[in-house]
Amino acid sequence: MSICISLCNDVLTYCYVGNLFSFCLCVERSRLDVIKVLSTLLFGICDNGSNHLFVLCLQDTFSRYRRQTVDSTSSTVNKIQENKHNNNGESDTARDGDKEHNTTLIYFITPTYPRREQIAELTRLGQTLMHVSRLYWIVADDRPDCSPQIMNLLPDFSIPYTYIASPMPAIYKRDPDAMPRGVSNRRAALNWIRLNHNINDTNAVIYFGDDDNTFHLDLFKEIRTTKKISMFPVGLVGEYGVSSPIIDKGKVVGFFDSWPAKRKFPVDMAGFAINVQLLFKYPYATMPYKAGFEEDRFLSALAIRLDEIEPKAENCTKILVWHTQTAKKPKPIVMVKSKASLPGSLATLLDQVTMLGIGGVSETTGVRSYMTKNGNIFRV
């Protein structure tokens, strides 16, 4: 089961692929009356109970769009209106060309998964992408339904986006040490591009950017000129601290990576970009559910040759992207004496903490909580 939500030119598109049937629904955001009727119908015909949240999210999303103005984009994904937050990291030529849709479109694919740091990671990444012109953000979430918190967050950046619920098949979760994380998300995003991009338009590139990575704005200028496939160094990877092609006389002659594993392309997922036409030239190329070999098998399926790789970042001598990773900590539970008697703004704040998934509140278990006033400590 997969759910996809897109915003384009004041029209919300909802696509559902289930075990028994599939459908695609397009409604103007102003037609709340229509969406309520359709939501009622969908609630009755969805083929399993987990889809009910999708219907509720669908209603909530339209209510939000009626309350808040969101920058609209043009009617097709290969003709996207200039983002208003593009004054950094882009040349004047790029910004001027964007007004006439001449600047190459970047499909930025971000796999993500539910955890206490998820909203914080996406907020930080969104704040970076706001400064990049003509970018389409595809956020693919490893969960069976669409997160209301993420649906509430993404419009804040004024970036054209698609949000996809694309859970990992249960069969691949049996071995926690060898789970192919992010594969189902990237596969869903690639399929979305194949279905929605104009096959005759070569003026677009695809890049995979994890939600916890760090990106220099110059990276987007570099990958925008990708003719077929480009590669560049990624910092903070493996025992060498970097993963990169090795360049001699402008050509790739090998790779520098601490985990070769007999891979033809020992590169990091953040270390390459491809032209969108490769997806249409090789329609069955995708990523395998094999941990550690996702990049290698994907690039091999695209029939990439070493002499076709376009080195970027000053012939792979400059690091413009880092494989940073946020430390994962368990979600804390705050124990309070009574939720009903919390002082002042604390009740609302703790509701927000719970909603964002960064903590929880309980009256019976967890870490005892206190407030201080004038140096004195009181239980709450």
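Yeah, the Cβs are placed from backbone N, Cα and C, and that goes for glycine too.
Annotations in TrEMBL come from automatic prediction, not curation.
What TrEMBL says about this protein:
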- 73-98: region 'Disordered' (REGION)
- 81-98: compositional bias 'Basic and acidic residues' (COMPBIAS)
- Asp212: Mn(2+) binding site (BINDING)
- Glu295: active site, proton donor/acceptor (ACT_SITE)
- Asn315: N-linked glycosylation site (CARBOHYD)
Sorry to bug you, but what's the C-alpha spacing from the residue listed as 'active site, proton donor/acceptor' to the residue listed as 'Mn(2+) binding site', rounded to the closest Å?
18
Compile a sequence-ordered list of residues in the same chain as Asn315 (N-linked glycosylation site), six or more apart from it, whose Cβ lies below 8 A from its Cβ; state 'none' when nothing qualifies.
Ile247, Gly250
CB contacts for Glu295 (active site, proton donor/acceptor) [other CB atoms within 10 A, all chains]:
20
